[in-house]
């Protein structure tokens with residue numbers, strides 16, 4: 001009887017250690033994935049856009065992209081980039 005209880009307790013201890021190892025590995029993988037996402041995001045931000053996106057706020061110092069035009073749209077109190085009915089050339 002003592003041997004069976006000892007075996008069960010030992011098995012539970014082994015499962016606890018393995019579970020802790022898997023959680024640590026999963027957490028490290030999650031952190032690595034998050035770091036990769038932030039790295040990709042930072043890389044895309046470094047590619048400076050010289051124009052504003054669709055429905056983005058525009059001014060003289062913030063022009064719209066080639067296929068967009070800056071228009072005043074009521075009731076919005078600022079100018080936004082809207083489609084100029086043209087397509088960008090590649």
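A Cβ is built for glycine as well, from the same backbone N, Cα and C atoms used for every other residue.
Record features (Swiss-Prot):
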{"type": "SIGNAL", "residues": "1-19", "note": "signal peptide"}
{"type": "DISULFID", "residues": "51-65", "note": "disulfide bond"}
{"type": "DISULFID", "residues": "58-70", "note": "disulfide bond"}
{"type": "DISULFID", "residues": "64-81", "note": "disulfide bond"}
Tertiary contacts of the signal peptide (1-19) (same chain, 6+ residues out, Cβ under 8 Å): none
Coarse DSSP state, helix versus strand versus coil, of residue 70 (disulfide bond): strand
Sparsest-packed among the disulfide-bonded residues, when each Cβ's other Cβ atoms within 10 Å are tallied, from 51, 58: 51
Euclidean distance between Cα atoms of residue 81 (disulfide bond) and residue 58 (disulfide bond), Å: 6
Residue 51 (disulfide bond) and residue 64 (disulfide bond), Cα-Cα, nearest whole angstrom: 5
Fewest other C-beta atoms within 10 angstroms, as judged across 64, 70, which are the disulfide-bonded residues: 70
Neighbour-count leader, CB within 10 A, disulfide-bonded residues: 65, 81: 81
Rounded inter-Cα distance in Å - residue 65 (disulfide bond), residue 81 (disulfide bond): 8
Alpha-carbon distance [residue 81 (disulfide bond); residue 70 (disulfide bond)] in Å: 5
Residue 65 (disulfide bond) in three-state DSSP notation: coil
